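Taken from TrEMBL, the feature domain 'Ig-like' applies to 71-160, 170-254. Residues or ranges marked as domain 'Fibronectin type-III' in TrEMBL: 261-350, 355-451, 455-544, 549-666.
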Amino acid sequence: MLFSKAIKPALRRISIKSLSTGLSTLRFERVSVDDNGTVVSCSADNGVANPVVAEASLTVLPRDKLPTGFPQIELHPSLKSVEQGKTAYVSCRVRGDPRAKVLWLRDLIPLDIRADGRYSVSTIGNPGALMIQHAREEDQGKYECIARNTLGVAHSKAANLYVKVRRVPPYFSYKLERQYVVGVGGNINLTCVAVGYPMPRVFWKKTDQMLLEDPATAPIGKNVLKLTSVESTENFTCVAVSALGNIEATTMVIAKELPPAPVNIVVSSVTSESVVISWKPPKYNEAINKYIVKYRLKYSKGGKTVETLDTSLLLDKLVPFQTYEFTVQSVGPVGVGLESLLVEAQTKPSKPSSPPVNPQARSLNRNSILVKWGPCEHPNGEITGYKVLYTNDEETTPLDEWKQHNAKSDELMTSINGLESDSKYFLKVFAQNSQGDSPPSTLVTVSTRQGIPGQPPMLTVKALDSRRMQLTWDKPLYSSPVVGYTVRYNTSDGEKELTLTSPHEKHVVTGLHPDKYYFFRIAAYSDRGQGEFTEPMIEKTIASIPLSAPTIISAAATSSKSVEIRWKSPEQKKLNGVLTAYRISFLRLEDSKPTSFQPDSESEEYDDTDALAQEEWMSVVVPSDVSSFVLSDLLPYSTYQITVAASTMDGYGPESAIRDVKTLEDAGSEEESSAPGNSSIQPHFLMFPDHPCDACAPAVCRARAAPGYVESLRGQVRGNTKSVTTHQMHRNLMRLGRLER
């Protein structure tokens with residue numbers, strides 16, 4: 001590839017650098033006004049057919065006549081030094097209107113940002129800065145940045161980037177103690193950590209030079225020596241080795257006797273929920289640091305542990321009328337000693353803390369009922385009997401006005417006679433011990449009508465989803481067989497009743513509303529009639545996603561880069577729960593802003609607006625108490641599609657109808673479209689029209705530069721064994737243009 005200049009050049013100001021890939025760079029140093037109008041041509045020839053030629057003219061503007069918006073370098077690259085494998089940042093901040101694009105040079109050759117994923121150029125904050133991840137030695141060189149727009153080109157000063165390769169001898173980053181003390185028969189871990197560059201291997205040996213592992217396969221950087229059942233005092237040495245040397249560190253592991261167990265363990269001051277345990281210290285040459293008391297229910301697993309400095313301890317929150325096991329250990333400087341002999345003690349009783357379970361009742365005849373129950377879970381002592389309180393007055397009648405029926409301690413069933421016929425009775429069951437009565441059982445309702453089943457016990461309600469509840473219960477007491485059940489539950493229109501004509505103790509209620517409380521009652525019936533309903537069981541349906549979408553009230557552009565959107569929430573009855581957030585989704589339409597230059601499908605110009613052209617919706621989530629939001633950082637004079645969706649804890653509902661809105665025109669857009677020299681052929685690049693004709697006249701690219709700035713004219717062709725057409729020249733030169741961002 002050859003460059004030629006229409007006028008006689010000052011050779012010391014012009015340099016050419018070419019690569020075997022077909023890339024060639026012509027560089028003018030210290031551009032002056034005298035260079036204005038210079039015509040430069042680039043000729044490419046691979047020996048097949050005729051050479052291809054491209055030309056460009058150079059326009060130089062005096063500094064005092066630079067147009068407004070001409071590219072400027074606000075922050076030049078500076079000398080940098082980075083460690084190999086780290087991230088390097090090369091500064092360059094540019095300014096221009098229209099916004100200037102940035103090209104980076106290394107040793108006068110343009111960097112292909114997209115060819116190496118380690119390279120990236122900032123577009124915000126410090127636009128133009130170059131970031132190099134995982135720096136390598138080949139990244140070292142002289143870096144320059146070039147800013148260009150339709151008005152011209154500006155070059156930065158050059159700065160060197162140096163990539164350092166570290167060489168650090170090994171050293172210990174975690175120092176061993178001079179000695180470690182462990183109880184005889186105990187275990188200890190010795191940790192040795194060494195670093196350096198390259199990282200060293202770390203291994204252990206005994207002081208008598210006995211290696212504990214193979215140095216060639218030892219771990220890198222860190223090695224933990226695990227010593228078990230230590231019986232005697234020994235020295236151990238940690239060794240770290242790398243190509244830059246080796247280091248050692250030695251420690252001593254001292255084995256000492258563990259403290260004996262405390263003696264004379266005594267349990268006193270016993271109540272229903274607490275005891276006091278005391279002991280005497282053992283004979284030991286070292287100081288006792290503390291004591292550990294362990295206790296648990298007899299025959300149970302686990303237990304609790306309490307530490308103390310004293311020789312006595314109050315243990316509370318125990319279970320009444322239970323046998324506990326206690327042990328005590330001494331803790332010395334070298335560890336925890338053996339446990340003492342086991343000591344047992346029983347807490348005193350207290351009145352039952354839980355009622356009899358699962359009470360039921362049914363009529364025996366017109367004047368008597370049968371009552372049945374289960375033992376209480378926490379009797380807190382020996383049960384001495386049960387009592388049943390009953391009344392046929394109102395349920396709210398004070399308990400001291402109810403009648404009482406007593407049952408023996410070994411009876412979990414009793415009958416009550418002498419009742420009024422065809423009456424409804426309420427009853428509760430109590431357990432008794434030497435300390436008093438238990439809390440009352442759940443309320444039982446029964447009618448003195450012969451053949452009527454009792455209340456169904458153990459009613460449970462479970463929400464399956466936002467519209468279904470599952471009810472389960474046990475079969476009640478009965479004399480005549482149960483043939484079905486009646487289910488009652490609340491609705492917005494009052495109480496609803498379902499009749500189940502088969503005696504199955506399970507049913508799923510459907511057609512409910514999300515996130516609502518419901519109460520359910522069950523009654524059994526036989527051929528003789530229906531029994532009493534259970535007490536209500538309350539449960540809430542699961543919240544669901546909203547069934548309707550928010551409504552967008554307005555969407556209007558507030559500037560060239562922002563849009564304000566307002567909406568109202570979905571209908572209250574279709575929320576299906578409590579609103580938690582709104583999601584605003586937006587998409588820029590690709591054809592919303594026509595451009596004067598449509599890049600070739602193979603082009604690689606790196607422009608941050610390319611990613612926005614992909615049809616990917618972006619989203620913003622805002623709190624549920626917000627009904628308007630301003631979308632910012634949008635593109636000027638672009639059409640966006642916007643939708644809004646509402647969310648509950650269960651997820652997002654449907655999207656609203658799409659609303660199109662167009663941002664305002666940027667003040668710089670009109671200047672860009674009307675700037676001199678703006679056409680389908682971009683300044684600074686050598687291009688041919690996209691036409692498959694070898695004889696076509698070359699297009700001329702007018703590049704502008706201020707005096708004193710450096711100007712690069714670049715051209716690239718890729719030859720083959722057949723021919724190089726102007727069409728191919730055009731496509732390859734456009735590909736060069738994609739090196740910029």
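Yeah, the Cβs are placed from backbone N, Cα and C, and that goes for glycine too.
Secondary structure counts, DSSP: the domain 'Fibronectin type-III' (261-350) has 0 helix, 48 strand, 42 coil. Taken together, the residues of the domain 'Ig-like' (170-254) have an average pLDDT of 90. DSSP states for the domain 'Fibronectin type-III' (455-544), grouped as helix (H, G, I), strand (E, B) and coil, give 0 helix, 45 strand, 45 coil.
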